[in-house]
Amino acid sequence: MSLEPRSTAPARHAPCAVPPNVLERIIRNGTTEQRDWALSTLSLDATARLTRTHNAAVALARPRRRPAPAPAAIGPRRTIADAEGREILPGVTVRTEGAAAVEDVAVNEAYDGLGATFDFFWSTYARNSIDDEGLPLLATVHYGDHYDNAFWDGQQMVFGDGDGELFNRFTVSLDIIGHELAHGVTEDEAGLAYLNQPGALNESVSDVFGSLVKQHKLDQKAEDADWLIGGGLLAPGVQGVALRSMKAPGTAFDDPVLGKDDQPDHMSRYVYTSADNGGVHINSGIPNKAFYNVATAFGGHAWEKAGKIWYETLRSPVLRTNASFRSFASITVTQARTLFGSDGAKTVQEGWRAVGVRV
Amino acid sequence: MSDRERVRVVLERSGGFAGRTIRRGLDTDDLPDAEAEALRALVGALPAAPAHAAGPAKAAGPDRFTYAVAVDAAGHQGVHHFADPLPEAAKSLIQLLSKAPLLPAHG
């Protein structure tokens, strides 16, 4: 867990001429007046990274009175609520942390999925919840009437029951739950803009960690995983196996109503569109395939090497909110070299080159 | 809007976890009188369509929906763009259309 201030990180959105690391020194060492000024200046910058840096600096400046919480206190701290078919949040609490399973399958799937996702990030990357500060996990099920979606709204998870015609309930697939919670992690760490290439990276990172949550739960190796996103989500009669395939983008479904899976697996087939925020769910096929290439080239548990490289890329202070595929890729190569040496870097490089991203 | 006037509405919902554009539509000619009247009233309650064709709405966050509601009626033609969370004036119409018959993709 990272509790040290990242005072050496270059600022991405300096709100004023005084660099954040200088502001942090003022917070630690300045007079009360200076500290107030520095704090208000720092807080003008809304990025999560700077907020965390500043919180850590303030924490360091305070005299330590309480010991750090015992490791036993770390856990998902789940609450599941029921919106009972209305579009209200959070709804009525139906299961809390440690409580026994209930009859409602959606409640239990949400509870277990949140737990599996927390466990994945904690046991593989020592990340304590979405914000790495132990955020309690809240999920609402049965949101809306025939609601065809699941999303992280910035504070909590929301699951619809699906329309039954195209989509089943959105708690059905563990990788969906992991995908949505990973949006919270991306927002906290990298703030990738939800548009065009950074948006497709944002989507891809969620597919990557969504799939890894499932692989981790099933104790699967890269070569044994199905690499499907949303398996089980398509209602009976819809022609397809899932919503996306990281292994073979563009092959997950072909249906008269859903249309054909049009994810590209190479830069030469990048889709330019104004729909879906610049095709964020379409072009994510390219970085998805790159991750699959890297994970299978390393072999073994995908979260140990490929996943670790992607996770550290997401946390890298040099990853910009408007990152292109190429700039994201070049950071993965740097991280691979740091973590696994030049052979690791070469593996990552080849994974990206195979999808037409030159690094 | 007169009682007998034909109103056709097509909802194109984009984004969401699935990231697919799903089309559904209603036509007063295919509806019982009471439902046809309800549809006319909901369409009538929409905010005025923009004078110039606007682009798709921007999603409020990852995996949130955006909507384009195409209205074809005498005296009311155009495309309305919305995103979650929906404005009150459009909520009931979009909830109704979200359960309407599916239309083929890319029509």
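Each Cβ is built from the backbone N, Cα and C atoms, and glycine gets one as well.
Automatic, uncurated: that is what TrEMBL annotation is.
Sequence annotations record features per position, and here TrEMBL assigns domain 'Peptidase M4' to A:106-187. Residues or ranges marked as active site in TrEMBL: A:Glu180. What TrEMBL lists as domain 'Peptidase M4 C-terminal' is A:190-357. Per TrEMBL, the feature active site, proton donor maps to A:His281.
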What does the structure give for the C-alpha distance between A:Glu180 (active site) and the residue listed as 'active site, proton donor'? Integer Å is fine.
13
Cβ-Cβ distance under 8 Å to the residue listed as 'active site, proton donor', same chain, at least six residues away:
A:Ala200, A:Glu203, A:Arg244
Going by DSSP, is A:His281 (active site, proton donor) part of a helix, a strand, or coil?
helix
Quick check on the domain 'Peptidase M4' (A:106-187): DSSP residue counts for helix, strand, coil, in that order please.
34 helix, 12 strand, 36 coil
